[in-house]
Structure formats: structure tokens, C-alpha cells
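Single-structure report; data block below.
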Protein chains: 2
Amino acid sequence: MTDRSPLAPTSLPALPEIAGVTRRVARARYKTWDRCDLTYVELSPGTTVAGVLTKSKCASPEVDWCRAALVLGRARALVVNAGNSNAFTGDRGRHAVEGLAARVAQHLGCQPSDVFVASTGVIGVPLPLDKAEAGLTAAFTAEPCDWVTAAETIMTTDTFAKVAVTRAVIGDRTVELVGIIKGSGMIMPDMATMLGFIFTDAAVDAAWMQSALSAANTKSFSCITVDSDTSTSDTVLAFATGAAGNATISDDDEPGADAFRSALDDLCLQLAHLVVRDGEGASKFIRIDVTGAESDESAHRIGMSIANSPLVKTAIAGEDANWGRVVMAIGKAGEPAERDKVAIRFGETQVARDGLEVEGYDEAPVTAHLKGAEIDIGVDLGLGDGRATVWTCDLTHGYISINADYRS
Amino acid sequence: MTDRSPLAPTSLPALPEIAGVTRRVARARYKTWDRCDLTYVELSPGTTVAGVLTKSKCASPEVDWCRAALVLGRARALVVNAGNSNAFTGDRGRHAVEGLAARVAQHLGCQPSDVFVASTGVIGVPLPLDKAEAGLTAAFTAEPCDWVTAAETIMTTDTFAKVAVTRAVIGDRTVELVGIIKGSGMIMPDMATMLGFIFTDAAVDAAWMQSALSAANTKSFSCITVDSDTSTSDTVLAFATGAAGNATISDDDEPGADAFRSALDDLCLQLAHLVVRDGEGASKFIRIDVTGAESDESAHRIGMSIANSPLVKTAIAGEDANWGRVVMAIGKAGEPAERDKVAIRFGETQVARDGLEVEGYDEAPVTAHLKGAEIDIGVDLGLGDGRATVWTCDLTHGYISINADYRS
């Protein structure tokens, strides 16, 4: 196990219980380890659900299953397996997911489509249904556990448990939103991140929550990258039990809709940042602001080109003020850019403007900024009003060590 | 200086002289080193030229200069600076290129537009014209040197000199083609590779050679990647002195046109492979064949998605038969793919077919294949006739070491 990321938060937020959500964990022993690796979350009847899933063309059967179940918009349980992604396993993989859902449905007396399943780990090995069923049976009778234990149980190469909390006022009720997430490598979510789960006691219509979650996703999970690799299993699900008793939100015009959207945006961004902070081998948390692009989409693509550049990421790992690599990454993005209008900032220091180094450039404050753990890069293209912010981490020997030896 | 790449060729080909091409090198001392870093190649009157240049939106002034000069199709000299790319340096950079070209034009009594200039090294520092001019002056009177010395002089982080040779029969003449190239990091050429120069004694019309070079480029330089980063300075130029005395080729229907195209294709592929073999930190040379895609372009993009995946490249570095990461890279490519039709081969061993691991899969031969230095991956999508081959290297601690500390 790798050491805890140096970018991990130093403290955990206080996490409220969400009425209608009960967590239990068990040992399915998907790998030869002695840790809990199966998470079972029971949700009270009436819970609505929304989700965003990987756009991978080789998505796991769990993703296929969730995509179909999301259409119905209701949930009674969530099962998360850690240590085996079950992706690219053909019929056996599909049968494992169906078997798990059926077992939970039988236990709860609900429909299999009310059961959401997510798995993470090695690709290409079918999930062993016998181990999964034994794990489930143990989980059904286990004591309920706290949020952090659940967040730990969904981890794979993660080095710390990732939890976040926000709240929103809807009419005369305050609703709570709690999220847990895992992810560290194979992170450039195309719709969602590795595995993230959000729970709220708000009463919200599933279709409306889907629109709110999709919007939050574009500003959070879709704006992070660790290594440019998009998982076969990326999944973010949001469950709303309705226990807070607010008037159900089903439209943007209704009271509390803005507050809930804003709380959901905040929670998703917190969770997305936690994934970057646990990026494999990460020693620096990097924020990249792109302004002056032709459109927001163009700004986003330029930001991601910088965030995914191995040369930019290694320069930052080496605390090297080699801003020319940012120029390179802008140039290769394939987006509108005019070299002689480009400006670049590191921290508070403008390093380049109008297509060349600023007059009297002093590297000292840039080098000082790079010695910190929170790196801030600004790029202005001087073309229009398009803007975007993306987040990534640096590329270090740690990433190579973790990934040249992950399966064994 | 890093050790010679373990993938370097063990011997050099015999390199013929090309009549009309004279090479000289000198110390411009662009960095604090004691090595030749300026290459000056004189070309006989009547030499034609073709070129492919980076598509970067932040291209160097050298690239701008060559793009303009290529329109005229004739060349008398080439100057290559190593240690400073002169990219993103505004007017000062432009003046340096113009100054160099003017100095050579004065020396040879030709037009400045007959002088081609290329530079490689750190981005953002203007090329010091005084050093360049002093270097040029020294080069004008230096003894002519051999091909390998020129190939060494254009190197930066390269660990070995890269040269290649082919020939073609045109009518009753045999023409020779010699190429030199440099490049090791910041390699995913979008039109060309870092800096490559091809010389032939064939008589060929510039416009026709341009079409032949562009075609060769799409099958060679555009099919390699080291780190997915596209340089601001990528340049491949082909010079034809005409000294072989063949009837000038200016059309595909003319005798020898096919032979010349084929020789040029071969030379470009040899040069492209040499760049991959000197990929920063590389320990494995990886060939990826994609078949059964909807189109050749789609196959190419899927191949590049695999070749650029840090997780695929680290798995190969770790000699880990983790073929699930190839599945991931296919899935994220954004190209047509149907999971349950995908087949994957490592070396001679079929590992997956119809969307899952083959029956009775034995990992032993795959592991044995991965222990070698030449890795061969095949992907069949089962959709159509589209095919492509791309080449890359693995991602190792060496890449991090080189790039977290390149500028210093």
C-alpha cells in the first residue's frame, strides 16, 4: 500500500446521517487481502436516483446495468465491489451483475432494477458470483457503519477515504448532501469519475435531479484528469431519500431548486478535487484557468491539453519554471489560438504576454510558487470570452511505480 | 547525459555521399556545453525542397519561415540550431531567423528564401543572434563532416545519432536518399517529427516531391508517439539536388515515380522508428496494429489512444500482461467500437475475443513476450476494413527523471 497522499486533507468534515440511508460492509475477498471490499447501502422506499456514467465504448456490465435502471429513476440499494471491475468479461460478467441485483431484490422484496451495482479493479476478470453472494449475505446481517468506513471500503489504489458534505435550504427545511468517492488512476472521466455516490435526504424528482447532476458533472468530474485515461467503469450516482420532508422539487422554478443545484455543484466539486488530491503519485495539486478563448468548450479543451501534457506535469513535479511547455500544450490542443496574443501566468506572476516572455521577467517568484503543493496556472488567449477551469496533479516517479506493478 | 537507449540499433548503415550536399558543424554554444550545436548544410544550385511542418498553433518562427520558403520550392542551404528552439519569442525570435538566413544568403550569393532554418531546445528564450552568427562564420570555414557528425550535432536529449538510407532506380539511374533525424521527447508529431532532414541526388520537381513527402508522412511520422506532446518546432524537410542526372520526376505517371515514392516511404518509416527507439526513458519498442475498424482514420485514432495511454505504457514497462488497459484505451478513444466484438492479441497470443478473455487463456507466452524489447499488440474491432499501425515506447522512471529536470 502506498503512503497517504501528501495532498490529502488534514481533517475530515463532520458527516451528518442521511435519514433513509444505511451502510454496511463485508469481506467478499475479491483479492487475496483481509479487508472489507463489498459495500452495501440500503435506501428507504421512495428514494429517487440520478447518475452519470462513462462514455467508454468498452463500458463494464455494471455501467450498462445502471444505465438501464436509471431510466426508472428509483432506488432501494447500492452494491459496490472493490478489487475487480468485472469489465470486458462478456456473459459471465453480465450474469454476475444480474445475480447480485436479484439477491438484493429478494432480500428487500423489491425489483432488481431498484438495485444499483458498481465495481472497480482489474479489467478482464469476471466478478466471482460466489464470493459476491457470500459477501452480500455477510453484509445483510452486519452492523451499520459510518460514512468513512464505506468510503474506505470502495477504495482500490486510493490512499485516503474521500468524503464531502454540503447542505441546502429548501422552503422551511434544510437538506443534507453527503458524497463518497474513490479514484486515483485511470482518471479522466468522460461523464463521471471512477465511482462516486451522493446521498441526500431531500425530496427531488429523479428526472430533475438528473439534469442537476449532469450540470454539476460538467463543472466538476469532467474538469479533472490524473492521467488522461478514461475508465470503463466511471459512475456517479445521486440518491435522494426524501426524508427531509420538503415539497418535492421537480422543476427549476420551484422553491429551493437553485439552492439544491448549488449545493450539488459544490459537493461534486469537492469530490472531484479529492480524487485529484489522491492522483497516483501526486505531489502537487494543479489548477489551470483558461480565459479569452473562443468559447467555453474551447477553453476546456485547451485546459485539458495542458493538464494532460506529460511534459507540463513532469516540469511541475520537478519544480521547474519551464513555462514553454505550457506554450507547447496550448499549441497542440487543436483549438483556435494565436501565438502572439497568448499570455501565461504562474501563481501571481505574469510570465509571458503577447506571445513572448514579459519584459524583465523574474523567475524567482515562479520558482517559489512551484515549491508549494498548490499550483496555479493561468492562460489567456486574447480571443474571446470563453473560459474554463480544470484541475490535475503532477506526474512523478510514484505514478510509474504504482502502475508498472499494479496487478501483482 | 543519459545512457544510450537500450533500443538503439547496434550498427550504423553505410551512408553514401549525396552529390551536391556538403555538411559542416560548429560550436555556437547555445548552452554552456562544449559540443557542436550548429549544423550548416550547403546544397548545390537547382536543389528542390519539400517539407512537412508542425500544426501547432504556437509554432516557432523557424517553422513560419520554412512554411513561407517552401512555397518557392528551392533550397541552397539548411541551418539547424540545437539547444534553443527559439519558439514563443516574438519579434526577437523572428529577427534571429531572418538574420541567420540573410547571413547565409550573403555568403552564398542566393536569396534568403533559399535558406532553411530549424531550431530545437528550450521554448521561450530568443535565439541569440550573435552566437548564431559566430557559429555560422566558424561553420563556413570548417572542414566538411560526415553524416553521423551532422546527425549528432542536431541532437538534444537524444541518446544516439539517427541516420537512414534507401535508394531507388529511376530509368537508368540509381538515386540515393539519406535522412538524419532527432527527437526523443515532446514527440507526437502532428505533421512531422521533431527535426528530420532528407537528402537525395534524384532530380524531382518540388511540388511532386511535396506530395510524395506528405504521403510518406501520414504513414510514418504521423504514426509515432513518445509522450503525446506535439512540439512547436516539428519539421521534416526533403532536399533533392538532381545530381543523379535522371529525367526530372514531376508526375506520378513518370518512370521511377513509384520507385522514388516507395524509397521515400521506407526512409521516413526508418527515421520515425529511430525516434521511437530513442524515446525518453524507453525500454520497449511497441508496435500496435489495429484492424477491423470502421475506417483507416478511426483505426489510427484508436491506435494512438492505446499508444498514448500512460496505463498501457507503464504496464508494458512493468512487463505486466494487463491487457485490460488496452480495453480501456480502446473504450476511451471516442471512435466506433462494440465491446463484444473486440479481439486483442499480444505477440502471437490471442488474449481476448468477442469482448472477453479467450477460453483457457494462458498468460505464460504473453509474459514471455513482454520480457522482450520488441512488443507487438494487435487489436481487431470486428466492424469493417479500416486498419492502421502505430509505434510507441513504454513509460518508465527514465522519462520522469529526464523531464522533471530537463532545463537545468
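Glycine is no exception: its Cβ is also placed from the backbone N, Cα and C atoms.
The active site, nucleophile annotation in TrEMBL covers B:Thr193. Among the features that TrEMBL reports, substrate binding site is placed at B:Thr156, B:Lys182, B:Thr193, B:Glu280, B:Asn403, B:Ser408.
Cβ neighbour count for B:Thr156 (substrate binding site) (all protein chains, 10 Å cutoff from its Cβ): 21. For the recorded site, B:Lys182 (substrate binding site), the DSSP three-state label reads strand. Residue environment of B:Asn403 (substrate binding site) contains 28 other Cβ atoms, counted within 10 Å of its Cβ in all protein chains. Closeness to chain A is evaluated for the binding-site residues B:Thr156, B:Lys182, B:Glu280, B:Asn403 by Cβ distance, with values under 8 Å counted; counted residues in sequence order are B:Asn403. Counting every protein chain shown, the number of other Cβ atoms lying within 10 Å of the Cβ of B:Glu280 (substrate binding site) is 29. Look at B:Thr156 (substrate binding site): DSSP puts it in coil.
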